[in-house]
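Presented below is the structure to which this report refers.
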């Protein structure tokens, strides 16, 4: 047989095999034909049975919960002015429609609010993502979740990951650092809390969200952009050596210390087995041993940059004390009283958790146990470190109050596994106060650390000098990933401002200095705005940090608009930021006008109410007959509708050559519009 015939026969056999395999999978149902992951790991069970982190008599229940799929959880964004209306819609319509359904023989239970989350703004249900996507009966509910998630009104987020931002107790004036932020669900929570007062477009505080992975930083940007905040900056650094920033304060340069820090470190993730089933077959104790040092370095860098009186929340999605209590104990010991473990239990009433443990052992992947550092053979010293064991001094251990740590077990409230601890900084860290400002106690010469407090050469171990207790000198910053466009702030006399000022009649208080663009030369295509505080940080640290994205887009260049006197149109993302400063090109409309805009294929001006029609005429840009669509009329139409039950705002924005409709609510619910054409048009709208 020739080569061509053999290849033809082999190809035919492959096609037959694939067809047969496809039929067998189709006959057996979705997912057949793939080897099922067995949710068992004897080493995992042996390890946690020995550590006794699960109450006696509950281990079987704990393991059963770990094998069950994680329930779907949603969170309604708390800072939006219409959060209560979305909650009302969910409770009165969608939750009632799904509670009596059966899908694949599984009865759908009514969604329940998370008992510990404030104002019933977080809910969970036994619906998995797979069921939501494939069931025709749940199609409407799924579409609602998708559309509201895209618009920033709802976040689909695991229940336990909502806990750390709540424990930070964010206030609008706080400077916040999220050290390991991607993919960004917790960062979104921080931004929401910062904007708790929607009447203040520029809170005094800000969020700096960092991640070491350059590609994941863009996922972080995508999450943050949904919230349209001028107070967020995304940076790309190794969290264990994130640079110390400076800012101008009263005419002097000072070091930036953060009021709140979220330290959600990389971990082995054995608390995520319910959603990441690969962990079942990959789990081993060596994962925790390898990550322990990195977790300490990140946490140390965090507390160094925390302001005195500030709070840092340390969290992992691991149940392993090597990644949890051992890291906290090492931090407290290094701090020499500068840090205190806070009791956070009153902050989340209704949350069931287990207190932290004060005694644990270390196990190798081969199953060898060690109760103390003295038992570890020299050959293991590179894998097992002293900080992995609890302190041997009983008095020191008692003063740490490790029982204030919180470990969330899956079977208690049908969640994932999680660990969280709240640290409060009482004084500067020891290595920050033992030598004068600007003077470095240790130097790096020819690859060797020399300590100025000692006449002999000493080595730095675990980020700490054995003599002066100081961290080693910072390494030179290395930048990875794509080269970002520059951030260029405009001056008050920039030539683009007069036309914008006249066209939109900007109020005198408009902060021109907060406007920036992403190019030094050529036409400015996009204009962004940041808060005054973020501008301060950017101007003083451009060479010190790699910024991926910041601010919110407020204007976009539109050359067709030059004939009307302004080459920039409003960007829908920046409407909330700009609205307090714009005093022209605003038309107030009634509810009936909203219905016209949603239901009419060609909503001519003459079809609107007399009041709106007259307002449009006064703008001076319309022809006398006003019998054309708004395509040649750059304007912002603003509606504020107040009733006994709701308070919300709608924005309709039309610009030259563009007919996009920008909404800020769900009109088919608010106005009881039943027309199918209106609902179809609504689905095509771009919404804030």
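For all residues, glycine too, the Cβ spot is worked out from N, Cα and C.
TrEMBL annotations: computationally assigned, not manually curated.
Pulled from TrEMBL:
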- 1-28: region 'Disordered' (REGION)
- 13-28: compositional bias 'Basic and acidic residues' (COMPBIAS)
- 62-426: domain 'SAM-dependent MTase RsmB/NOP-type' (DOMAIN)
- 180, 181, 182, 183, 184, 185, 186, 211, 238, 264: S-adenosyl-L-methionine binding site (BINDING)
- 317: active site, nucleophile (ACT_SITE)
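Taking the features listed in TrEMBL, we show where each one sits on the structure.
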{"residue": "180", "record": "S-adenosyl-L-methionine binding site", "Cβ contacts under 8 Å, 6 or more apart": "210, 211, 212, 239, 263, 264, 265, 266, 298"}
{"residue": "182", "record": "S-adenosyl-L-methionine binding site", "Cβ contacts under 8 Å, 6 or more apart": "211, 213, 216, 217, 219, 220"}
{"residue": "184", "record": "S-adenosyl-L-methionine binding site", "Cβ contacts under 8 Å, 6 or more apart": "209, 219, 220, 222, 223, 224"}
{"residue": "186", "record": "S-adenosyl-L-methionine binding site", "Cβ contacts under 8 Å, 6 or more apart": "161, 162, 164, 165, 178, 262, 264"}
{"residue": "238", "record": "S-adenosyl-L-methionine binding site", "Cβ contacts under 8 Å, 6 or more apart": "212"}
{"residue": "317", "record": "active site, nucleophile", "Cβ contacts under 8 Å, 6 or more apart": "160, 161, 267, 269, 271, 272, 416, 417, 418, 419"}
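Among 180, 181, 182, 183, 184, 185, 186, 211, 238, 264, the residues given in the record as binding S-adenosyl-L-methionine, the maximal Cα to Cα distance rounds to 20 Å.
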